[in-house]
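These notes are about the structure you will find just below.
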Amino acid sequence: MARIIDGKMISQQIKDECKEEVAVLTEQGKHICLAVVQVGADPASSIYVNNKKKACAYIGIESLAYELPEETTQEELLALVEELNEREDVNGILVQLPLPAHIDEDKVIQTISPLKDVDGFHPASVGAMCIGQPGFLSCTPAGIIQLLKRSDVEIEGKECVVIGRSNIVGKPMALLLLRENGTVTVCHSRTRNLKEVAKRADILIAAIGKPRMINHEYIKEGAVVIDVGIHRENGKMCGDVDFDDVVDHVSAITPVPGGVGPMTIAMLMRNCVESAKR
Ligand code: NDP
């Protein structure tokens, strides 16, 4: 029987740990504040932003919401980010992605101070992670490492295959698994014999963005499977992994919903607390 890795429960543990730390920081007279900036009204982004605000309220972090119209110019957005960089009462800045097409996302990310980069997307944060120096870790991959560790899945020495090489999931995921002494292979759309490569994995991370693409043909018997994908199909959510098809072949697997998703927000909260402590 496959073990279902419960991201909801583990994310709740992390949020409770953050809440305790915030209570201590508050007693010491520290106030923690996350600025959340959304441009336009993309419905999926609005759901994510609301969930982040709710998590802040639960933990005791103030959230400052900036809901800017779709027509906001790049200059206006950069001016706001610079203002937030300067504000001493703001510990973390999050600009919800994706941004409208007329705004250069890279430029915006690079304008956020690395000291307040709680998403961990700034090149300085990524560089620090790459060479093992302190800095904010990208939330989704850091959350996956926590899921594995808190479920007693050993990473050291294991064959880890990451499918996907995006800057926000695949690449930082590979780096963090390497940091945990996994033997890491990264696959992408031009990987040859993907099924054969995936079948080497003791730990398989699917971050592809293709609904239910990974079936049992990609899975070694007894592998641990982490499904990063989030898709809505006919009102139901699913991931990049065909859960029903693989579940009898794996030793542990994350569900969608309730696996990786809640961990991303929990790690964002963790980064906000770290920012306040620094
Ligand atoms: P991207 O679209 O940025 O990257 C997808 C990656 O998958 C690319 O590297 C691409 O390769 C690769 N890929 C696409 N098709 C194939 C294929 N047929 N075979 C092998 N590789 C392929 O997506 P993200 O990394 O941003 O997100 C991935 C998924 O995770 C999405 O479903 C997204 O919604 C979800 N997500 C979930 C989060 C959470 O909190 N749970 C957070 C962030 C994302 P190439 O580089 O060659 O194009």
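Every residue, even glycine, has its Cβ placed from backbone N, Cα and C.
Curation does not apply to TrEMBL; its annotations are automatic.
Keep in mind that this is a model prediction, so the values were computed, not measured.
Per TrEMBL, the features are as follows:
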- 5-119: domain 'Tetrahydrofolate dehydrogenase/cyclohydrolase catalytic' (DOMAIN)
- 138-278: domain 'Tetrahydrofolate dehydrogenase/cyclohydrolase NAD(P)-binding' (DOMAIN)
- Gly164, Arg165, Ser166, Ile230: NADP(+) binding site (BINDING)
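Per DSSP, the domain 'Tetrahydrofolate dehydrogenase/cyclohydrolase NAD(P)-binding' (138-278) is made up of 55 helix, 31 strand, 55 coil. Each residue of the domain 'Tetrahydrofolate dehydrogenase/cyclohydrolase catalytic' (5-119) gets a DSSP state, and the totals for helix, strand and coil are 61 helix, 18 strand, 36 coil. Across the domain 'Tetrahydrofolate dehydrogenase/cyclohydrolase catalytic' (5-119), mean pLDDT in this model comes to 97. For Ile230 (NADP(+) binding site), the same-chain residues that are 6 or more apart in sequence and have a Cβ closer than 8 Å to its Cβ are Met237, Gly239, Val256, Pro257, Gly261.
Long-range Cβ proximity for Ser166 (NADP(+) binding site), meaning a same-chain Cβ under 8 A and a gap of 6 or more residues, is found for Ala207. In sequence order, Gly170, Met173, Cys187, His188, Ile205, Ala206, Ala207, Ile208, Gly209, Val228 are the residues of the chain that are 6 or more apart from Gly164 (NADP(+) binding site) and have a CB within less than 8 Å of its CB. Using a 10 Å Cβ-Cβ cutoff, Arg165 (NADP(+) binding site) registers 17 neighbours.
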